[in-house]
Amino acid sequence: MANGNSFGVLFCVTTYGESHGGAVGVVVDGCPPRLPLSEADIQAELDRRRPGQSHITTPRQEADRCQILSGVFQGFTLGTPIHILVRNQDARPQDYSEMATTFRPSHADATYQAKYGIRNWQGGGRASARETIGRVAAGAIAKKILRLAAGVEILAYVQRVQDVEAQVDPSSVTAEQVEANIVRCPDPAAAAAMIEKIEAAAREGDSLGGVVECVARNVPRGLGCPVFDKLEADLAKAVMSLPASKGFEIGSGFAGTYLTGKQHNDEFYMTPSGWRTRSNRSGGIQGGISNGEDIVLRVAFKPTATIRQPQSTVTLDGQETVLAARGRHDPCVLPRAVPMVEAMVALVLCDHLLRHHAQCRSLALPEVPIPAVPLPHS
């Protein structure tokens, strides 16, 4: 845990591998036994993340076929560590020869060198987005646990590319709408404009950033552990650990700072099935604990750092120079970031679901009686 390659408390994932190494993968420890699981379950998510899926993503061609090496027997999980492997097949280390001695601006090259005194400069090594294969594979397992155990649905989509913003209702958006176009934006008009923007940036050897929005529906009440493991804090850490992420907000986010308390508060009301809130500016979390409403969050992603435009930089021996990077890179990370965000949200919710049941649901203790307190005057 101290080296930053593992994530989670009870549902713990450890990813490994580099961009141009032999393979990448993940070990998942803490998955409950008897979960139906196949390579097809995982492959469906990896196919959404893989490179080369459209003309607005990196042209690197990787099938990203997964192998389950342990932890599953006759189609069911054993409760033991699950090892998932994906072999790299289309590595071109020669495209990165300049990076052996030259730092890419705004990439991890310089900081990895400063920290470790050595780095794998082929495609970014551990800092490459190929590391997220392990996250998405583990997220596929977490998604299945959440769906079967609690009916939780997690859906992300591209909400903005540069200045093109989609008009989307998180409460009603569907997976079919998201997957209807290559940019994964459920607003068709905005999607067309986004694609044009990305195509133009790619022609110029440049890149664009934007925002991915994610909604988690049917999340049980009670997930989250005050005070340092609040649900939104763990969600923020999870998505902010993704490559190129630069910002996080949940519910009303920064826009909520323009409101008064009266305007911002989510008032309660009763339904036959229990209490609900009339609005959802809290984004489904209050006091660090899920309240049963949709969890709605947004993640900002910067423009891809590796571009073909000439940029000023320095070398390992301290010489100033100019670099126009080669290699194959996404002109915009947003379309492929969608399954990555879903995976990280799933990992957090699955971990907290297991933690909640371990602390609050595992023992048959008596309910605390409701005190007889007079209602306040309206």
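A Cβ is built for glycine as well, from the same backbone N, Cα and C atoms used for every other residue.
Feature list (source: Swiss-Prot):
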type	residues	note
BINDING	ARG49	NADP(+) binding site
BINDING	ARG126, ALA127, SER128, GLY287, LYS302, PRO303, THR304, ALA305, THR306, ARG328	FMN binding site
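When the binding-site residues ARG49, LYS302 are scored by other C-beta atoms within 10 Å, ARG49 scores highest. When Cβ atoms from all protein chains are considered, those within 10 Å of ARG126 (FMN binding site) total 20, not counting its own.
The record assigns ARG126, ALA127, SER128, GLY287, LYS302, PRO303, THR304, ALA305, THR306, ARG328 to the FMN site; their largest pairwise CA distance measures 44 Å. Cα of ARG126 (FMN binding site) to Cα of ARG49 (NADP(+) binding site): a span of 17 Å. THR306 (FMN binding site) counts 23 other C-beta atoms within 10 Å of its own C-beta, drawing on all protein chains shown. Sequence-distant neighbours of SER128 (FMN binding site) (same chain, six or more apart, CB under 8 Å from its CB) are GLU18, SER19, PRO243, listed in sequence order. In three-state terms derived from DSSP, ARG126 (FMN binding site) belongs to a helical segment.
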